[in-house]
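Trainee: Here it is, the structure in full.
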Amino acid sequence: MAKKQDALDYHSSGRKGKIEVIATKPCDTSRDLSLAYSPGVAEPCLAIEESPEDAYKYTAKGNLVAVISNGSAVLGLGDIGALAGKPVMEGKGILFKRFADIDVFDIELNTKEPDEIINTVRLLEPTFGGINLEDIKAPECFYIEEKLKEVMNIPVFHDDQHGTAIIANAGLINALELIKKDISKIKIVVNGAGAAGIACAQMALTLGAKKENMILCDSKGVIYKGRTEGMNDYKARLATEMECRTLEEAMVDADVFFGVSAKDAVTPEMVASMAADPILFAMANPDPEILPSEAIKVRSDVIVGTGRSDFPNQVNNVLCFPFLFRGALDTHATAINDEMKMAAVKALANLAKEDVPDSVIKAYGNTKFSFGRDYLIPKPFDPRVLLHVAPAVAKAAIDSGVATRDIGDINKYTESLEALQGRSKEIMRTLINKAKSDRKRIVFPEGDNEKILRATQILIDEKIAIPILLGPEDKIKGMIKELSLDLHGVQIIDTKGSPKHHEYSNELFRLRQRKGVTLAEASRTICRERNYYGAMMVRMGDADAMLSGVNHHYPETIRPALEVIGKQPQVKGVHGLYMMVFKKDVIFCADTTVTIDPTAEELAETAILAANKARHFDVEPRVAMLSFSNYGSALHPFTSKVIRATQLVKEWAPNLVVDGEVQANVALDPDLTEQQYPFSQLKGNANVLVFPDLNSGNISYKLLSKLGGAEAVGPILMGMKKPVHVLQRGDEVNDIVNMAAVAVVDAQDAFEKEINNGYH
Ligand SMILES: NC(=O)C1=CN([C@@H]2O[C@H](COP(=O)(O)OP(=O)(O)OC[C@H]3O[C@@H](n4cnc5c(N)ncnc54)[C@H](OP(=O)(O)O)[C@@H]3O)[C@@H](O)[C@H]2O)C=CC1
Ligand SMILES: CC(=O)C(=O)O
Ligand SMILES: [Mg+2]
């Protein structure tokens with residue numbers, strides 16, 4: 001739990017507060033100045049005057065949301081005023097940015113007058129792509145939102161109403177599914193009849209709950225027909241005809257409790273009086289209506305959620321507004337309507353049932369999540385939330401007619417969102433799409449490994465590869481069941497007792513008989529060592545590629561592959577490549593894993609093979625032959641080797657952009673290259689770095705990964721006769737899926753070569 005001083009220090013350290021404005025264009029030269037400002041800036045001004053839609057093209061409007069509050073209902077802290085609410089509004093800004101790359105100006109308005117708020121906000125339309133109203137108390141919030149929706153032509157969304165309702169109801173749908181209760185038959189108590197309470201109740205009704213089974217309470221108790229004290233039209237519409245008058249009475253036999261009221265509003269006795277398997281979402285912030293530990297003490301069957309991140313089931317609108325606005329902004333929607341809200345509910349509810357990626361497990365301190373009582377809705381740090389919710393919302397905006405911009409194919413749109421999450425997603429998507437275009441069979445010798453099984457599920461669901469699992473069938477089937485995976489139809493081969501045993505043993509004996517291997521030994525190896533069996537499957541054409549290594553040391557995987565499959569006859573050796581993915585750039589590093597002290601010929605071969613691999617990723621290679629010297633500046637046997645290798649590459653691949661020997665900083669610095677080495681083929685923008693030996697290659701890629709923040713994809717083995725790739729012991733499910741895509745594309749390439757060379 002965050003301590004008071006920690007929270008204060010977090011906000012006051014460094015630049016004060018949580019947000020800053022960053023320029024998106026260079027403004028370093030007088031030319032930049034003349035474009036950014038007078039005279040150049042007049043051009044986009046005139047273009048927008050002529051065609052207002054061009055504001056989305058030439059300004060930040062399309063990605064800019066105003067978070068607007070008057071501080072009248074800040075979290076559960078109440079009416080603390082506009083200024084005191086600013087940290088929360090900056091907080092919303094940080095979440096918009098972090099989760100959906102949306103820019104926010106937070107605007108705190110010093111007024112309690114609804115019409116003043118309406119008049120101020122409506123004038124902001126030219127600046128923003130959307131309006132997020134926040135922490136404005138009921139009932140004024142209803143009037144303000146309704147009026148603004150009428151007069152504004154951009155989305156207006158009161159987060160505390162609809163964001164909260166979307167999450168609470170996504171959680172409700174899933175909780176009811178778990179305990180097999182029918183929404184039309186359940187008794188729901190909503191405590192808090194303000195912004196959040198009214199909206200949560202209304203959405204539950206839309207989803208099928210019955211008004212006669214619902215009780216709404218506020219600070220005065222049950223809202224019943226005929227009550228006069230503290231009433232308004234919104235409360236009156238949901239007033240109950242039941243006899244109960246207090247929250248305590250209302251809670252008896254309730255199936256569901258939605259708390260959007262205040263700290264400690266619920267007692268353990270109230271929870272104890274609820275129906276079987278009670279659903280209790282105590283969503284008041286920062287302190288819930290009752291702590292989960294107190295509720296569980298009196299009811300072991302309770303399904304509990306809070307608004308906080310430090311308990312299971314964070315039922316909080318953070319899981320909605322960034323993603324919902326992403327879809328609305330991208331379609332230039334004129335409003336956020338009920339269809340879009342419902343699309344978000346369904347997308348969130350469905351996503352919770354999918355396997356959770358390792359990156360999420362890591363982000364939450366290695367806690368494992370699977371659909372159930374403690375994991376009803378996805379986690380905000382789950383990168384898939386953006387990819388599921390924003391496209392669903394965008395599609396609903398298009399289908400319901402409020403979109404004014406065509407985003408084209410929805411799958412392509414989802415891919416563009418992936419790109420927004422980082423270059424690695426974008427570049428891997430290229431490869432995955434290639435893999436999907438012609439799936440290949442990949443054998444996984446470690447078929448009884450949990451990560452391999454989870455990766456297998458993705459490979460099947462996304463149609464990236466046709467996995468084959470090696471290992472004891474009963475064990476693997478048991479694991480599949482335990483992990484709630486659906487791997488129906490996947491081929492599982494138990495190497496002990498396989499019908500291919502005889503054939504593979506004889507082939508291994510034939511290959512290794514002059515290396516001291518007897519037939520009996522070959523037979524034992526095929527039976528017991530799955531890496532040999534897998535490699536043999538690839539050799540004999542029973543699989544197209546092999547992927548192994550999560551449970552093994554590197555040599556244990558590579559040795560069988562080299563003995564059974566071997567290197568391509570025309571190459572000098574096998575080489576290892578890593579793709580290092582930075583936020584904006586991708587760099588290929590070779591050789592990083594295989595040849596300790598390559599000859600000039602081997603180095604030249606590494607360069608050419610690495611350049612070919614870069615093309616697989618749709619990257620046009622520019623190869624730098626690295627050394628500690630620039631174009632002859634330091635003569636030494638080490639640099640001479642690289643000079644010779646560079647000559648060989650130029651001879652063997654005359655069309656390849658390559659140069660060296662060159663230092664790493666020069667290879668990557670256009671200015672330095674232009675000033676000092678204008679003759680170089682490289683213009684300081686190398687993207688394939690060939691290291692002179694394994695020392696420098698291996699050390700460098702690890703430094704780039706640890707200190708440079710690059711994501712490392714690899715090792716990608718180059719020069720094998722058929723595709724085999726080695727997984728790392730710490731690889732996550734996502735890494736395995738990525739390497740499987742690499743292997744499939746490799747297999748496609750190998751298959752093409754075989755046809756071209758008449759290899760069979
Ligand atoms: N987890 C989440 O995502 C979200 C949580 N919330 C939480 O919900 C709460 C309300 O927010 P919001 O709807 O925006 O605020 P509003 O001011 O619009 O509404 C507050 C409502 O709560 C009622 N209330 C206050 N104290 C009690 C109490 N002890 N017992 C019963 N009802 C009470 C008020 O009653 P009356 O009408 O009589 O004054 C009013 O109806 C806050 O704690 C907030 O943090 C809000 C949005 C999102
Ligand atoms: C989460 C939120 O918006 C609130 O508590 O007000
Ligand atoms: Mg709020």
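The chain as shown is numbered from 1 upward.
Backbone N, Cα and C define each Cβ position, glycine as well.
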Trainee: Since TrEMBL lists Glu134, Asp135, Asn285 for divalent metal cation, which candidate among Asp103, Asp160, Asp253, Asp255 does it give for that site as well?
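Mentor: Of the residues offered, the record points to Asp160.
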Trainee: CA-CA, which of the binding-site residues Glu134, Asp135, Asp160 lies nearest Ile80 (NADP(+) binding site)?
Mentor: Asp135
Trainee: Filter the recorded positions Leu75, Asp79, Gly81, Lys92 down to those whose C-alpha lies within 10 angstroms of the C-alpha of Asn285 (divalent metal cation binding site); answer none if the list is empty.
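Mentor: Candidates kept after distance check: Leu75.
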Trainee: Filtering Gly78, Asp79, Lys92, Glu134, Asp135, Asp160 (recorded positions) by proximity to ligand 3: which pass a Cβ cutoff of under 6 Å to any of its atoms?
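Mentor: What lies within reach of ligand 3, judged by Cβ under 6 Å, is Glu134, Asp135, Asp160.
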Trainee: Using the centroid of the Cβ atoms of Glu134, Asp135, Asp160, Asn285 as reference, list every other same-chain residue with Cβ within 8 Å of it (recorded divalent metal cation site), in sequence order.
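Mentor: Everything else in range on the chain: Ser69, Ala73, Val74, Leu75, Val88, Asp159, Ala195, Ala196, Asn317.
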Trainee: With DSSP, how much of the domain 'Malic enzyme N-terminal' (16-149) is helix, how much strand and how much coil, in residues?
Mentor: 60 helix, 18 strand, 56 coil
Trainee: What binding-site residues in Gly76, Leu77, Asp79, Ile80, Gly81, Glu134 place CB under 6 Å from ligand 1?
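Mentor: So the answer is Gly76.
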Trainee: Near ligand 2, meaning Cβ under 6 Å from any of its atoms: which of the recorded positions Leu75, Leu77, Gly81, Lys92 fit that description?
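Mentor: Near the molecule: Leu75.
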Trainee: Would you list, in sequence order, the residues of this chain other than Val74, Leu75, Gly76, Leu77, Gly78, Asp79, Ile80, Gly81 that have their CB within 8 A of the centroid of the site's CB atoms, where the site is the one recorded for NADP(+)?
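Mentor: After dropping the recorded site residues, what remains is Gly71, Ser72, Ala73, Ala84, Gly85, Asp135.
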